[in-house]
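Pulled from TrEMBL, these are the features on record:
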| type | residues | note |
| --- | --- | --- |
| BINDING | T79, V232 | pyruvate binding site |
| ACT_SITE | Y165 | active site, proton donor/acceptor |
| ACT_SITE | K193 | active site, schiff-base intermediate with substrate |
Amino acid sequence: RSGRWVSPKAALIHNFHLPMRSLEVKNRTSSDTIKSLRLITAIKTPYLPDGRFDLEAYDGLMHMQIVQGAEGVIVGGTTGEGHLMSWDEHIMLIGHTVNCFGGSIKVIGNTGSNSTREAIHASEQGFAVGMHAALHINPYYGKTSLDGLVSHFEAVLDMGPTIIYNVPSRTGQDIPPSVIHRVAQNANFAGIKECMGNERVKDYTDNGIVVWSGNDDQCHDSRWDFGAVGVVSVTSNLIPGLMQKLVFGGKDPSLNSKLMPLIDWLFREPNPIGLNTALAQLGVVRPIFRLPYVPLPLARRIEFVNIVKELGRENFVGEKEVQVLEDDDFILIGRY
């Protein structure tokens, strides 16, 4: 008691890694790993009646993708309605997906924006919560010059592995091959999701650039005739097993033709209207829409039930019987 108190020595732990610095990222996935992915699902985001995310339903959708062979998911893309999310929601959903499923499937966060500053910041946050790669669209509405496109992509490519997404029908501006050939020199460039057809796909593959088809109706030919590595698919939300077979199983024109009525049905109205309606009718998500999306009309909902019966209910996600929902069954939310 009368002796002098001596503070215990701090334990020394060799090779102890400090928390990441501001320029580090949590995930060290290589671009080559992303380049090898064949079936990437643009995953749907389901909602609760108050408009918040239904994470229980979301986890169910993710589990079905993993079990049926998808190798990657786009979180918060067009299909996942990232444009209807706050950035807090967006990054939370990316982090949730990584934490729950990142060991079984590659998580590609849509962190693109028409503002370069916003795209950089969102990508930093996405990589900080562990996403394996980013998806970046070209600046829309305001648009920019071709040199501006290169500068925008070079700025976001510094963040980590990146897939560039070309869909002029939504952005109002094509990303020409001249831009992609310039930015493809960056080590973080994984490839391009291309929606401008198979001749464009062939141009890239002939020059050693990795391409995913962005069009489900063209993805079979893109993969087996034009050299695409695979597809970023909307349809695989509904029939992941059949889409896995289409992309992995070799050339199969018969299966491709068999899927065309469903694919045509899905995309007659802008995506994700058809998908949201279909998943609700299959009973795997609640029939809740964030506006401005609204369900397909009754005649189209009846048509979907017939398509499911033709393809076989066992090929679709979920276990409930497909049903024709009435107009009053849907909840449309403008404020959430």
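The backbone N, Cα and C atoms fix where each Cβ goes, glycine too.
Note: the Cα of the residue listed as 'active site, schiff-base intermediate with substrate' and the Cα of V232 (pyruvate binding site) are spaced 7 Å from each other. Least crowded of the recorded positions (T79, Y165, K193, V232), judged by neighbouring Cβ atoms within 10 Å of its own Cβ: T79. The residue listed as 'active site, proton donor/acceptor' and T79 (pyruvate binding site) are 13 Å apart (CA-CA, integer value). Across the structure, the residue listed as 'active site, proton donor/acceptor' and V232 (pyruvate binding site) are spaced 10 Å apart at their Cα atoms.
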